[in-house]
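Structure first, then comments.
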């Protein structure tokens, strides 16, 4: 812990408080958090294995596997530490580990947005130009899209590491949160954090807003193509193939924008509500995504049933 004279430029450790104001409920909150985390890891772990089935090598299932891996990264970067705080009061986190946690959280957020855009493009090609689907989404194209998604995510967030490391921390080493996030850490510095605020707000959000705009354009074109189909059965089938993806898009973007806006502008909202929402955001979408895809996609249900039967027999 820092001394009273605050002479250390980078504190050896930060102290995460969990959810301030709800300390008496930490033990009980940890139970649903733990169950949701286990469900998220198991469900997304099963989705990662889906492309290994010889019948499910389509690009959509490759992107779905990437989405599942990103969900595991997002929840695993935050929840185990939160559970340690709730159950064992293990709030200490080394400075470099805090920066690493922040990095992986924000990279996963930007990457998931990019993956959802790639999945929207996949649906656009499949519905609007079905005869060119295999020619457009080749394995090489999918590889390039994957590199672009992760290259943009890492390239966008990596400068934040340097923006945080350049600061001198002389206020306190106590973070009123259950995990490290960019502005929450920067506010502990005794230096000017204007660059951190502007970069942390504008660059990642600009990337995500571009994704949202392109996803909106994709689905506008998809709906135009669907309603031009001659038969009602064909329209229903086309819309059904997009239903699970639209559900996941809404589940990702609505809570993220709500959490962001309430954190920035909800000055009258109690602090513990902000922290609770932030924790639910890294838990609920990763937990529900496999359920949404499993419920809406017969191939995934059949694949998971087959994998479970093989595991049971072995």
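Each residue, glycine too, has its Cβ placed from N, Cα and C.
Features as listed in TrEMBL:
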type	residues	note
DOMAIN	43-293	domain 'G-protein coupled receptors family 1 profile'
TRANSMEM	6-22	transmembrane segment
TRANSMEM	29-50	transmembrane segment
TRANSMEM	62-88	transmembrane segment
TRANSMEM	100-121	transmembrane segment
TRANSMEM	141-164	transmembrane segment
TRANSMEM	207-227	transmembrane segment
TRANSMEM	239-261	transmembrane segment
TRANSMEM	273-295	transmembrane segment
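Same-chain neighbours of the transmembrane segment (273-295): 18-20, 22, 33, 36-37, 39-40, 43-44, 46-47, 64, 67-68, 71-72, 74-75, 77-79, 82, 105, 176-179, 181, 244, 247-248, 251-252, 255-256, 258-259, 262-263, 266, 301, 304, counting only residues six or more beyond its ends whose CB sits under 8 Å from a CB of the stretch. The average pLDDT computed for the domain 'G-protein coupled receptors family 1 profile' (43-293) is 90.
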